[in-house]
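Asker: I'd like to ask you about the structure that follows.
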Amino acid sequence: MAVIPIEERKFPKTLVLFDVDGTLTPARLSVSPEMLETLQNLRKVVAIGFVGGSDLSKQQEQLSVNGENVIDSFDYAFAENGLTAYRYGQQLASQSFIAWLGEEKYQKLVNFCLHYIADLDIPVKRGTFIEFRNGMINISPVGRNANTEERNEFERFDKGRKIRATMVDVLREKFKDYGLTFSIGGQISFDVFPAGWDKTYCLQHVEKEGFDTIHFFGDKTYKGGNDYEIFVDPRTIGHSVTNPDDTIAELKKIFNI
């Protein structure tokens, strides 16, 4: 489908950014046909982009249809909070977590986390407790290999026992001199990245693009959630949603699409 050039859209000075999990798709699941249609209609009137903590391959799995490259479906694609960034299909400069932190500190952090998780008493443990990404590490007490049913079970358990929140508090104190941010997101994990490398990082890529208005839609907009910083940032108009259906309803109401 041909894409209308931004300057020919109804609101060429407006950018709408989206979180992925819980906003455009159910957590770690694929985008719905209704959401895709809504985004296509929205792209006719404004510029659109996504910003997620996962690497681009995971966002490709969730947002791509029929093998289409996800970076072609959005004007801006920000993986790992914008540390891997694309503008109109062209990659921008990237950053590296490991180069910033250093191997020695990184290993101390990882070793502590693995020992901590080993001692946790939770219903199930699977695999991939720590996932290394370009701009952060993702830590999951249950393991990212958990299936959908196990993820749902852990999410319910975590709401009552505060497994992730407690671990984050411990890490903040233990590694307070590392200059790190700990941010809970999704169902089963939390992200660890340098202070300032939250989702607001992506805004540096669009600040000089001439937008008058930048909307952001996210579901983890509470303090400590991984959408909070960009949600409250003065450069954006934040919208808190509960699920993809809520996102669609809000978009139709705001942009009359």
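All positions are counted from 1 along the displayed chain.
Cβ atoms here come from the backbone N, Cα and C positions, even for glycine.
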Asker: The Mg(2+) 1 site in Swiss-Prot lists Asp19, Asp21. Which one of Asp198, Asp212, Asp219 belongs there according to the record?
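Answerer: For the Mg(2+) 1 site that includes Asp19, Asp21, Swiss-Prot also lists Asp219.
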Asker: Among Arg133, Arg161, which residue does Swiss-Prot annotate as binding alpha-D-mannose 1-phosphate together with Arg28, Arg144, Arg151, Ser189, Asp191?
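Answerer: Record source Swiss-Prot; matching candidate: Arg133.
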Asker: Would you kindly give the Cα-Cα distance separating Asp233 (Mg(2+) 2 binding site) and Asp21 (Mg(2+) 1 binding site), rounded to the nearest Å?
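Answerer: Just about 20 Å between their Cα atoms.
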Asker: Tell me which of the binding-site residues Ser189, Thr236 sits in the most Cβ-dense spot, judged by other Cβ atoms within 10 Å.
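Answerer: Within the set of binding-site residues, the most crowded position is Ser189.
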Asker: Once near-sequence residues are set aside, which residues in the chain of Asp219 (Mg(2+) 1 binding site), 6 or more away, have Cβ atoms under 8 Å from its Cβ?
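Answerer: Correct list: Asp19, Asp21, Gly22, Thr23, Asp227, Ser240, Val241, Thr242, Asn243.
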Asker: Do me a favour and check the Cα-Cα span between Thr236 (Mg(2+) 2 binding site) and Asp191 (alpha-D-mannose 1-phosphate binding site); whole Å is fine.
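Answerer: Approximately 22 Å lies between the Cα of Thr236 (Mg(2+) 2 binding site) and that of Asp191 (alpha-D-mannose 1-phosphate binding site).
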Asker: With Cβ-Cβ distance below 8 Å and at least 6 positions apart along the chain, what are the contacts of Arg144 (alpha-D-mannose 1-phosphate binding site)? List them in sequence order.
Answerer: Arg126, Gly127, Thr128, Phe129, Glu131, Asn138, Ile188, Ser189
